């Protein structure tokens, strides 16, 4: 189901200009996203939770003495952005905890992440632009982080005034069409989740581009709302509510795929009482496990009753329990003779014949009992299933634009989305140069994505200005903390960080030598003169960061709509720029493994787009491990302090 959020009011143009000129910063930066549209749980949604009494759920940070003091010290350390006196920055330890204790209840799940960056030189995309190779849709990922530089021309109107947002919807439409074009199913792969022996499905980007006619789209949208809201019909899993089966026995069936609501590591610990059991949460499309009777008249009544049950998203307030369901249906069915007859019929039917075949026949009858044409139901199901990727955040600052897309089934596991734009351009704070950073929590791992456009220039010493931009971005980037709104969080405080964009680092080599080595594809000799690689080796900037091996030609500077580097034709009146690897992708943190680092041959701009694919190990809370650890601790405590006997 979709949850519509209130529409943000349009910002007044003069206020935008004044805020830019006066360098006024809001407390919280807004961003755009798709409407919330959750998907039913599957075997990919780990971990499951069972009702367990006597559980006191705490984080390992709480187990250390002096936790508050250590966090206060940590806040003081990062209050200046982690910048040392010498001008560099020092990476701080975000957690002070025992990894041994942490391993007792945390699992690791591999998530495939694609990071893509492209300086489009202010060019608007054509309607038929193909970016499949750039986004590597043949090797689909779980998360796509797509960054642009110069998405609008860097003229005075966009820099000093309200930037043009016209190209953004067009780029988003192309990205959405590309990611949701294919509908292939890849093979099952092994995923280190809660159950290492379980096979988890790895979906590729879905098929058939969304080119349906407007009338079909409207019909499908209306059908989705009616089926989900009025009949509690789950289009994704073909499961239906059956209230009659629930009448004889209302005890909940154990579903191992029920997910544990994620809790960010910086949030307050949740205390679960020892007497009451853990309450389960249903996703917006999850079914209640009931069955409708064979009689359509009885089915309509039970469907109307089931509609009264309130649903909840897994990461929101736990407001639905089986006791509430049981009490509600008991009250409604106690005075209903139809309910008793339907339950008796269902009980008699279930006693003979093949139960599995009977369920399939009942399912077909249920579909027809709603009076809906099967072709419309199928069309509605296809439209819903085709949207496998949704946009969870996008943000523009002048020419810098970053957009994050994620599989719809993973959206429920994303929390604490924050954005932080930092301008380091004209006057030291204008947005023609700078960065847009995104912070989010996926399961229990904090991730940060930094899309930047650094100072240009190929003269000697220009790399020092770029280094200064990096230090300034790290110092000024702030994310409001979930634990304490007054305590900022910085880029190095995350578990995994990805920095990408037009970093503008050049080659310390003459133009003629560069072009000669490029023509001979001698990349290793060129890399020895690369400014960024030298800085990484010396530790002057991006200390501790990593970059994959570069095995592709320099990405800058090309002639527009051509495969020829600019400056090769000496008779043309153009700036002479030696080829360079200006567009880069770096990463910092544990559990990151790079699979691919490449560029794509799209000739629209004077830059070539760059892509990197990663396998990222994110932390997932495992309730089973926590239960075992608590049992061991309780047993040890009982052995040391035995209960007195009377």
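In case you wondered, yes, glycine gets a Cβ from its N, Cα and C as well.
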Looking at 329-369, 370-410, 411-451, which one is region 'Disordered' according to Swiss-Prot?
329-369
Tell me which range among 18-58, 59-99 Swiss-Prot lists as region 'Disordered'.
59-99
Beyond the flanks of the region 'Catalytic 2' (575-590) by 6 or more, those residues with Cβ under 8 Å of it:
115, 117-119, 458, 492, 494-507, 509-511, 514-515, 518, 530, 532, 542, 544-548, 550, 553-557, 565-567, 597, 599, 607-612, 614, 617
For the region 'Catalytic 1' (495-510), residues assigned helix / strand / coil by DSSP:
0 helix, 8 strand, 8 coil
Helix, strand and coil counts within the region 'Catalytic 2' (575-590) (DSSP):
0 helix, 8 strand, 8 coil
Restricting to the region 'Catalytic 2' (575-590), what is the model's mean pLDDT?
92
